[in-house]
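**Q** Positions annotated as [2Fe-2S] cluster binding site by Swiss-Prot, on the basis of similarity to another entry: C64, C69, C84. Annotation source Swiss-Prot lists domain '4Fe-4S ferredoxin-type' at 146-174. Taken from Swiss-Prot, the feature [4Fe-4S] cluster binding site applies to C155, C158, C161, C222. Annotation source Swiss-Prot lists [3Fe-4S] cluster binding site at C165, C212, C218, citing similarity to another entry.
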Amino acid sequence: MSEQKTIRFIITRQDTADSTPYDEEFEIPYRPNLNVISALMEIRRNPVNVKGEKTTPVTWDMNCLEEVCGACSMVINGKPRQSCTALIDQLEQPIRLKPMKTFPVVRDLQVDRSRMFDSLKKVKAWIPIDGTYDLGPGPRMPEKRRQWAYELSKCMTCGVCLEACPNVNSKSKFMGPAPMSQVRLFNAHPTGAMNKSERLEALMDEGGLADCGNSQNCVQSCPKGIPLTTSIAALNRDTNLQAFRNFFGSDRV
């Protein structure tokens with residue numbers, strides 16, 4: 001009888017936000033077409049490490065399981081990505097799972113992404129409305145603009161681009177590429193453009209565009225293929241124009 005194939009994991013764990021991280025190894029039976037989340041569920045069902053010791057179930061975030069929500073981001077074999085689309089058959093073993101280091105660890109592979117959401121609040125990444133009553137159809141966007149704006153709207157706030165960016169870290173206030181790309185998205189909307197100057201001025205503040213080192217890691221790592229560096233370049237132009245308006249004034253009422 002042939003020996004059963006197994007999958008070996010080395011998982012970086014942390015019991016609390018303030019405790020020291022440590023590595024723990026697990027082994028589960030191999031099944032074809034497994035993804036990392038399925039394997040983590042298997043470990044959770046029977047949390048026994050390779051030493052045969054009963055341990056606590058591994059904690060991580062997940063939701064949609066189809067790369068839409070962005071919740072299951074983690075570092076897999078050194079690369080930040082979604083664990084729901086990371087197929088075991090395509091990964092080198094042992095598979096190393098770590099939490100993203102850009103965000104504070106809550107427990108094990110679960111992180112607190114508040115930093116990113118606070119940046120989205122700072123740049124007003126939404127379109128204000130007066131109420132929930134029907135106002136009828138809004139202004140239409142030119143088709144060419146709609147096409148590139150749609151690409152920006154694919155952002156699922158997964159945090160992978162922030163994890164890949166060398167300028168986003170605990171010593172920096174840099175907001176990172178995802179919130180900046182959303183500024184370009186909402187400024188392109190005919191109604192969202194009403195708050196265009198406020199968003200641009202937020203980017204001109206501390207932690208904004210000036211802190212970008214143009215390493216271009218973000219566009220390489222984005223699971224949705226969003227043209228983040230294109231947005232950053234466009235926003236550099238927009239913020240320069242905004243700086244001139246602030247200095248010389250504008251003839252627009």
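Quick reminder: no glycine exception, Cβ is built from N, Cα and C everywhere.
Help me understand the surroundings of these features in the structure.
**A** Taking Cβ-Cβ distances under 8 Å and a sequence separation of 6 or more, the neighbours of C69 ([2Fe-2S] cluster binding site) in its chain are N63, M156.
Taking Cβ pairs closer than 8 Å, the domain '4Fe-4S ferredoxin-type' (146-174) reaches residues 67-71, 73, 75, 80-82, 100-103, 111, 113, 115-117, 120, 181-182, 184-185, 188-189, 206-208, 211-213, 215, 217-228, 231 in its own chain, all 6 or more past its ends.
Within its own chain, C222 ([4Fe-4S] cluster binding site) has V160, C161, L228 as residues 6 or more apart in sequence whose C-beta sits under 8 angstroms from its own. A coil conformation is recorded for C222 ([4Fe-4S] cluster binding site) in the three-state DSSP classification, outside any helix or strand.
A simple way to gauge crowding: the CB of C218 ([3Fe-4S] cluster binding site) has 27 other CB atoms within 10 angstroms, across all the protein chains here.
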**Q** Just to be sure I understand the packing, how many Cβ atoms besides its own are within 10 Å of the Cβ of C161 ([4Fe-4S] cluster binding site)?
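**A** The answer is 28.
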**Q** Which chain neighbours of the [2Fe-2S] cluster site, leaving out C64, C69, C84, have a Cβ atom within 8 Å of the mean position of the site's Cβ atoms?
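**A** Near the [2Fe-2S] cluster site, the remaining chain residues are M62, N63, L65, E66, E67, V68, G70, A71, C72, Q82.
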**Q** CB neighbours of C212 ([3Fe-4S] cluster binding site) within 10 A?
**A** 22
